[in-house]
Amino acid sequence: MFIEIAGILGAADLRLADTVFAQKDAFESGARTAGRIARAVKNNEQAKPAGLAADLTMLVEKRLMKNDVFRAAARPRNFIRILLSRYTQGMAYGLHSDDAFMERQRVDLSFTLFLSPPESYEGGELIVEEPAGERLVKLEAGSLVLYPSATLHRVAEVTSGERRAAVGWIRSLVRSAEDRETLFDVALALRQAEAAGDRALTDRLLKIQGSLLRRWGED
């Protein structure tokens, strides 16, 4: 399942991001954390995991865990890693899929949380390969795209400006992408039943959701 979620970060959060990205000597080559194959096609910079950058990654995790849509779509067991990345003119990230394991944990989902307004840079689209063709993603600052980590994707070359983002990898409580999508559909139906005040249907859907989580979920 491929899903976009708007408004993960607010104005104050984005101001903190601006402060982090304005720091001198706070960034290093992004190739350091790439897998063996991806390292050859990765050309960006990422923040060193300390100080304000560490504060921002913790804030991103906190905001995501408070977002109902994100939790329903990802069913996160834990965040394996969150990095702050930037691309300036001439930088890009070639076609790749994310590692199956990071830090001895299975990687199920990846996300890109955009931190700079789309009009502030040219190029830099996240390009995802799908059976029907390529999907280009370039969202408003504070908005996120979530997708299975096995997806082939790349970042187009930035031709002007600076593309800023937080990228992260998640181990889900539910291994299968199809099962996560089914649970997401149940969560949407549950929200609709609650909004309609249909207590009987709400209880029935809660039972179904619980049964599916017991069947598909992992401790």
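Every residue gets a Cβ built from N, Cα and C, even glycine.
Per Swiss-Prot, the feature domain 'Fe2OG dioxygenase' maps to 78-172.
If you look up Swiss-Prot, you'll see His96, Asp98, His153 marked as Fe cation binding site. A simple way to gauge crowding: the CB of His153 (Fe cation binding site) has 22 other CB atoms within 10 angstroms, across all the protein chains here.
Per Swiss-Prot, the feature 2-oxoglutarate binding site maps to Arg163. Taking a C-beta cut-off of under 8 angstroms and a sequence separation of 6 or more, Arg163 (2-oxoglutarate binding site) has the following same-chain neighbours: Arg86, Tyr87, Ser116, Tyr121, Gly123, Gly124, Val155. A strand conformation is recorded for Arg163 (2-oxoglutarate binding site) in the three-state DSSP classification.
The number of other CB atoms found within 10 A of the CB of His96 (Fe cation binding site), across every protein chain shown, is 19. For the domain 'Fe2OG dioxygenase' (78-172), the mean pLDDT of the prediction comes to 97. In three-state terms derived from DSSP, His96 (Fe cation binding site) belongs to an extended strand segment.
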